[in-house]
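Asks: Input: one structure, supplied below.
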Amino acid sequence: MNVQAHMSGQVSNQGTMSQQNGNSQMQNLVGGGSAPATGAGLGPSRVSPVDNDILKLRQAMRIRIFNILQQKQPSPADEASKAKYMDVARRLEEGLFKIANTKEDYVNPSTLEPRLASLIKGRQLNNYNQRHANSSSVGTMIPTPGLQHSGGNPNLMITSSGDATMAGSNNITTSAMNTGNLLNSGGMLGGNLSNGYQHSSSNFGLGSGGNMSSMSSQRNTGQMMPTPGFVNSSTNNNSNNGQSYLSVEASNNSGGFSTAPMMVPQTQQQQLRQDIGGQNSRMLQNHGSQMGVGLRPGMQQKLSNVSNSSINGGVGMNAKSVDSGTSYTNPIRNSQQAYDNLQRSGMQGDGYGTNNSDPFGSGNLYGAVTSVGMMTNTQNANTASFQAVSRTSSSLSHQQQQFQQQPNRFQQQPNQFHQQQQQFLHQQQLKQQSQQQQRFISHDAFGQNNVASDMVTHVKHEPGMENPSESIHSQTPEQFQLSQFQNQYQNNAEDRHAGSQILPVTSQSDMCTSVPQNSQQIQQMLHPHSMASDSVNGFSNLSVGVKTESGMRGHWQSQSQEHTQMSNSMSNERHIQEDFRQRMSGTDEAQPNNMSGGSIIGQNRVSTTSESLNPQNPTATTCRNGNGNRDPRFKNQQKWLLFLRHARHCKAPEGKCPDRNCVTVQKLWKHMDSCAAPQCSYPRCLPTKTLINHHRSCKEPNCPVCIPVKAYLQQQANARSLARLKNETDAARSVNGGGISSDAVQTSAGAKSCTSPGADISGHLQPSLKRLKVEQSSQPVDVETESCKSSVVSVTEAQSSQYAERKDHKHSDVRAPSKYFEVKAEVSDFSVQTRPGFKDTKIGIAENIPKQRPVSQPDKQDLSDVSPMQETTKVEKEPESLKKENLAESTEHTSKSGKPEIKGVSLTELFTPEQVREHIRGLRQWVGQSKAKAEKNQAMEHSMSENSCQLCAVEKLTFEPPPIYCTPCGARIKRNAMYYTVGAGDTRHYFCIPCYNESRGDTILAEGTPMPKARLEKKKNDEETEEWWVQCDKCEAWQHQICALFNGRRNDGGQAEYTCPYCFIAEVEQSKRKPLPQSAVLGAKDLPRTILSDHIEQRLFKRLKQERTERARAQGKSYDEIPTAESLVIRVVSSVDKKLEVKPRFLEIFREDSYPTEFAYKSKVVLLFQKIEGVEVCLFGMYVQEFGSECAFPNQRRVYLSYLDSVKYFRPEVRSYNGEALRTFVYHEILIGYLEYCKLRGFTSCYIWACPPLKGEDYILYCHPEIQKTPKSDKLREWYLAMLRKASKEGIVAETINLYDHFFMQTGECRAKVTAARLPYFDGDYWPGAAEDLIYQMSQEEDGRKGNKKGMLKKTITKRALKASGQTDLSGNASKDLLLMHRLGETIHPMKEDFIMVHLQPSCTHCCILMVSGNRWVCSQCKHFQICDKCYEAEQRREDRERHPVNFKDKHALYPVEIMDIPADTRDKDEILESEFFDTRQAFLSLCQGNHYQYDTLRRAKHSSMMVLYHLHNPTAPAFVTTCNACHLDIETGQGWRCEVCPDYDVCNACFSRDGGVNHPHKLTNHPSLADQNAQNKEARQLRVLQLRKMLDLLVHASQCRSAHCQYPNCRKVKGLFRHGINCKVRASGGCVLCKKMWYLLQLHARACKESECHVPRCRDLKEHLRRLQQQSDSRRRAAVMEMMRQRAAEVAGGSG
């Protein structure tokens, strides 16, 4: 029987009829062609009452949509417009009907408009007008049941005629024995096709003639209906392995291949109708494509395996592209599981195509991606027989399996098939209602428009084939519209003669529903003011195949001339083709079988058409049942994400990347890095940022964009895991024989081979990933393997147990760190295992990014002669014939793996084997975690899976999310709470929900600037980042970077060789290597020493020795038996001069008293390191402020202990001789040593605010361990006081008092005035901020704005009380001062003990000034009475009753004590130590938060400390240090050449390689690169610091210089940058490189600038911004203190009650 297929998807002519031969076939075609119009073959109407109700509901929905359209218009519509709106409404309703999951979803009015917007934005809406009835002869044949099918001719020849009218005879001559020989009976192609095109010996009824439809096909059986109970077995043996047999059993002989489903008798077809629909539009899953795939013997394929796929664009089984480089042979173990998965997916409406990559025994192996005769996607084929040429091209649907191609949208001439189209649409509606009422969704293949992209498939010209364009009728010319959303990549197969190789088949039906009408039209209709046009030359992807011959190109060109409306698109295509041809260096496009030529049929190209790459509306979808990832728009977004990765860190010199658009995307990155504009007009900025933000936070398990991207990254990351299997020794030998064994590598579903790896999409500060490890998604990902821009070929995780049991074969989730990190998707060689008895083939993989791999491995072959856009494999027979990768220029400093030998990429390289083992043991102790968590993690050691880290034995570990604070109120946004955000980088603002709701109107204030609420993005604070992974280059095992002590910053672009600890131990013990010397990686001891650090260290070591002696004596042991703290290092890592500006309101009160406007001080950071398990761990840190003798009163000679922090990892954990913890003893000694140092330098007092951090927050070290509890304020205060008591015993501290008693009270004989002007004014202290708030409240009370009478009454009472207390001057500022002190005292009094004043020198009892010179007059009787010289003179002038002691008759004698040994000058003799990361506490905390340098466990503390030391030894190299004299661009480290004679002549690598520096008379030498240096060296660090200082000096000079011919080096260059900054329209926020670098320098300058009237541009603005950040931090700290005090008061009240 001949089953004719129609566009409607129905099965027509079901009745029994004979298949006619020859031209009589036209009778069937004509008859079939009338079916859509007349309903013939459909039977009576099956529209039930339910259908009528649905029709009424749909009509009501159309009217509702029509009304919405009318309401969106600014003016009333005329009749013509109304008709247009109704037509649009009809099309929109059809789209809504198709995407609705349930009836409730369909009618839901609350989501109607969003769904409409999604349809409009997510689809080209003109595809419904492009469906046409097709009465082609593409009928699937049901073979006669019960007869065995055999064949003996391995070389199948078929007719390749597109129609009988073209060749006169279209018969398939069948012998009486039905041997399956397909004889060429003529045809328009003039001969048999290439030997490689394999056709099944399909059984035709005896005497039926076996009419075969038009084109050659890999499998006819893919469309045949399976007949249960009948097995088509083969009678041939191995000699026939070129012949394809139809058998569903896995037990057929080695010459046969299980390729076809079983046949279904006619009696069952009606039962299948609902599931199958049109047989020509749906195909059964041809699962058992290779021999021995492992299907259950005799198992019938379930009906749910029906593929619901449109036959569009020549992709019969699959509307997607088919990868040409991966074998899809199923492993035995998991084949049934995969089979069942396919069944489940099919039941969900997720069609799968045939998987029939059939190996020939000795011929060419063509997967379903081989090219075939007709240009199905580019020509009109057989219009005599194809009465309507639709998206379905002229080939058979199963032939579409042979193409690797993308869906095609053919735009017909407007009125050509109007009648058939309308009939089809009506028929389509009837079918949808009758077939799928239960699901309320249409699964009909032709009811789906799964094309949103106009792909042009160019097919390779085969020998003996005519150019099909010569035989194409012109009645229905197809127009190729390259729309702005066209960005599909396309892959065609590359035919090969040599060696039997497998090219893959993957197919999957596309369930997405397009919406008719042009999207821009409707968008303009709905949102007439929101349409923004973009450049026609926007970035887009265009599928470009290899041109076959010039005649073919001429045909395309003639077509473009014939269709004038498409001239622009075709012009673009020709331009792209020409460009692509130029890229194809060394490839032979005209040769069909060019194994060695490197010809590529499916190429990936990013062209400059329109803005089709714009990933707009990344989350909008019009797809059903999770099949949205087959939507071409989602594929666009996937490819855009991956191309963004490539461009981020493309290693090619600028302009040298094989993809010319790489530069464009790099500019886009640079723009987005600082772009904060909500409606940025920069091309592709907004949609790209939207896509990136979605990808960053995507948690959807079925996300059609992110899941395939992650799957691709998984494929790349795990490719090396498949490289070294146990047959690696046979890897160089080629495959010899027919089949692929059942344990061959199967590419996992969802492996998208897309653009080359590059940078992660997010951020800047993150360390680079050596390799990215991605967890295999739990749901089936898109089965297609797409060829994308600059893609590489690799194989995803194998499903066989053989691979799954390998512990070095892992995957895990990728959580791209939020800032700066690089991604290296490692691509390796992989081994395709053949069936037993055959040798392995080692297939090399082309690494496609220039300069990605420095040197090729000697035993591995890199396909550098292949275009970077090619995705294919080659059988490597002669390694010496293949070129090395064009990556690195030098082979020096490389390892055996071909990677640069960068020393110290992991700190374990410095360890001895025993230290490595100790480190691993320490990892599994989980020090820092609670007991329960530690035990849980330790238990995982006994159940390590393949995904577990080989060091810590745990699979998935996530970082603590950094805290987020509300900009207006400063409150911390809680975990999992919603918030709003806007901006980027330092200018990002956050708004908590209460602040957002309290802000009325359309704007909200952020730091005084109104922000439109429309710009705010609502988010949830639930982001998680997984720990990074790294893979050993030796054993391929995966470890956490933190466990491996891997320094991503030293990874040299992802290419540094990494050896895991286990391999390292083995190599050391086998004497293959030695541990690096300790000096190879600079540590804490290598940091600069200062007088302060030496003083504290010497004191600490001395006291530890004394403590150890005391402990030995107390315990009755010898000195050596007592454990003590060892390997301690103290360093000052930052020592810079700063200025503290007095807050304006406070300054206003004391302006008449000549109060200083600013205070100069020196900020210092002191850190303590201890070597624990071989790693120097930062355990303790403190920030101090030193106000010297040159500082104005009241801060003169004062020290403020600003912040102090520690983590509880100190070793050993023992008690000291006095009972306190040894760690406490050490920390106390550090503080006492610092106070002693301050006293020796002449400082008189130290101020300490004993304020513990708020729960969940940190002062210096980010993320404390769970085992370390945050102390209460009283505990912390006692900790400080215990330290001060020790210092008092040693005579270092003279007196300890609190701030309130010293400055707010006049006790005893104190004669000092109570005024706020006496209070020491410190940066970040409690009272200056609190005073500013109080002054503001007082000013509001005076103005009557707040409290009115109540406020005035309170002020009056306060003044009266002050007057009664003896205060007489209550006017003006004096009154404000007294009121301020009164209210401030009320605020401070409850917590006065927390504000500790430490006097290092005696203070005068009368004036309270600390005495540093002259004499102090001491009372002979009173112990604590002493006054200064000035007060003594005043004392002598007083009357006797007012002299000391007051109110006593007997007066005491005073005698002088000379004050000695106090330096007059407190100036620091240490050098300035600058560190941008330690400049402020917040800067260091931000560094740690942004890079996840956490201290919550010892393992993380070790890694974090290692990275902190790296940053300290490698300060950021300043910009403009080295500039190319030719192109005037900056030269990165190791990327340039320097003249040995001229002091300032440098050229970059690009300019040097272009002209070789021939224009310069002297010799040029290459700059040293990171790989050429040892791990680090001090001289380089000092040089960088010196260069940075010079650059900052230059910045200050240039801002003041007025000379046009200044001789100051580079002065004119900086002035030019100033001028550029004034005129630049892009700015730093827009991505301007010069502006960004200038901005960086300005920020460095502003942090260090002490000039209040600085002339450097933007200096004041930057300082104001920093001030606001500090103010927010201080406000949070004060708020935390007040909350603590309220809780304390509540506790006291509750206790007393």
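Placed from the backbone N, Cα and C atoms, the Cβ positions cover glycine too.
Pasting the relevant annotations from Swiss-Prot:
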BINDING   CYS1419, CYS1422, HIS1444, HIS1452  Zn(2+) 2 binding site
BINDING   CYS1524, CYS1527, CYS1548, CYS1551  Zn(2+) 3 binding site
COMPBIAS  17-28  compositional bias 'Low complexity'
COMPBIAS  202-217  compositional bias 'Low complexity'
COMPBIAS  399-439  compositional bias 'Low complexity'
ZN_FING   629-709  zinc finger
ZN_FING   989-1066  zinc finger
ZN_FING   1399-1462  zinc finger
ZN_FING   1519-1572  zinc finger
ZN_FING   1579-1662  zinc finger
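Are these features on the surface or tucked inside, and what are their neighbours?
Replies: If you draw a 10 Å sphere around the CB of HIS1452 (Zn(2+) 2 binding site), it holds 13 other CB atoms from the protein chains shown.
DSSP assigns CYS1551 (Zn(2+) 3 binding site) to a helix.
Taking the zinc finger (989-1066) as a whole, pLDDT averages 87 in the prediction.
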Asks: Taking the Cα atoms as reference points, how far is CYS1422 (Zn(2+) 2 binding site) from CYS1548 (Zn(2+) 3 binding site) in Å?
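Replies: Computed Cα spacing between CYS1422 (Zn(2+) 2 binding site) and CYS1548 (Zn(2+) 3 binding site) is 78 Å.
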Asks: For CYS1551 (Zn(2+) 3 binding site), which of the binding-site residues CYS1419, HIS1444, HIS1452 has the nearest Cα in space?
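Replies: Answer for the nearest of the binding-site residues: CYS1419.
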Asks: What is the Cβ neighbour count of CYS1548 (Zn(2+) 3 binding site) at a 10 Å cut-off, with all protein chains included?
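Replies: Around CYS1548 (Zn(2+) 3 binding site), other Cβ atoms within 10 Å: 25.
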Asks: When the zinc finger (629-709) is classified with DSSP, how many of its residues are helical, how many are strand and how many are coil?
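Replies: Secondary-structure breakdown of the zinc finger (629-709): 50 helix, 0 strand, 31 coil.
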Asks: Near the Zn(2+) 2 site, what residues other than CYS1419, CYS1422, HIS1444, HIS1452 in the same chain have a C-beta no further than 8 Å from the centroid of the listed C-beta atoms?
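Replies: Close Cβ neighbours, site residues excluded: SER1420, GLN1421, PHE1425, PRO1445, ALA1453, LEU1454.
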Asks: Can you tell me which of 629-709, 989-1066, 1399-1462 gets the most C-beta pairs within less than 8 Å of the zinc finger (1579-1662)?
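Replies: Per the Cβ under 8 Å count, 629-709.
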Asks: Drop a 10 Å sphere on every Cβ of the binding-site residues CYS1524, CYS1527 and tell me which sphere holds the fewest other Cβ atoms.
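Replies: Candidates: the binding-site residues CYS1524, CYS1527. Fewest Cβ atoms within 10 Å: CYS1527.
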Asks: Taking only the Cα atoms, work out how far CYS1527 (Zn(2+) 3 binding site) lies from CYS1419 (Zn(2+) 2 binding site), in Å, as a whole number.
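Replies: Given the Cα positions, CYS1527 (Zn(2+) 3 binding site) is 79 Å from CYS1419 (Zn(2+) 2 binding site).
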Asks: For HIS1444 (Zn(2+) 2 binding site), list the number of other Cβ atoms lying within 10 Å of its Cβ atom.
Replies: 21
Asks: Among all protein chains shown, how many Cβ atoms are found within 10 Å of the Cβ of CYS1551 (Zn(2+) 3 binding site), not counting that one?
Replies: 22
Asks: Between the Cα atoms of CYS1419 (Zn(2+) 2 binding site) and CYS1524 (Zn(2+) 3 binding site), find the distance and write it as a whole number of Å.
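Replies: Cα of CYS1419 (Zn(2+) 2 binding site) to Cα of CYS1524 (Zn(2+) 3 binding site) measures 75 Å after rounding.
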Asks: What counts of helix, strand and coil residues does DSSP assign across the zinc finger (1399-1462)?
Replies: 12 helix, 15 strand, 37 coil
Asks: Whole-number answer please: how many Å between the C-alpha atoms of CYS1548 (Zn(2+) 3 binding site) and HIS1444 (Zn(2+) 2 binding site)?
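Replies: Computed Cα spacing between CYS1548 (Zn(2+) 3 binding site) and HIS1444 (Zn(2+) 2 binding site) is 80 Å.
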Asks: Run through the zinc finger (1579-1662) and tell me, per DSSP, how many residues are helix, strand and coil.
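Replies: Helix, strand, coil within the zinc finger (1579-1662): 55 helix, 0 strand, 29 coil.
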Asks: In whole Å, note down how far the CA of HIS1444 (Zn(2+) 2 binding site) lies from the CA of CYS1524 (Zn(2+) 3 binding site).
Replies: 78
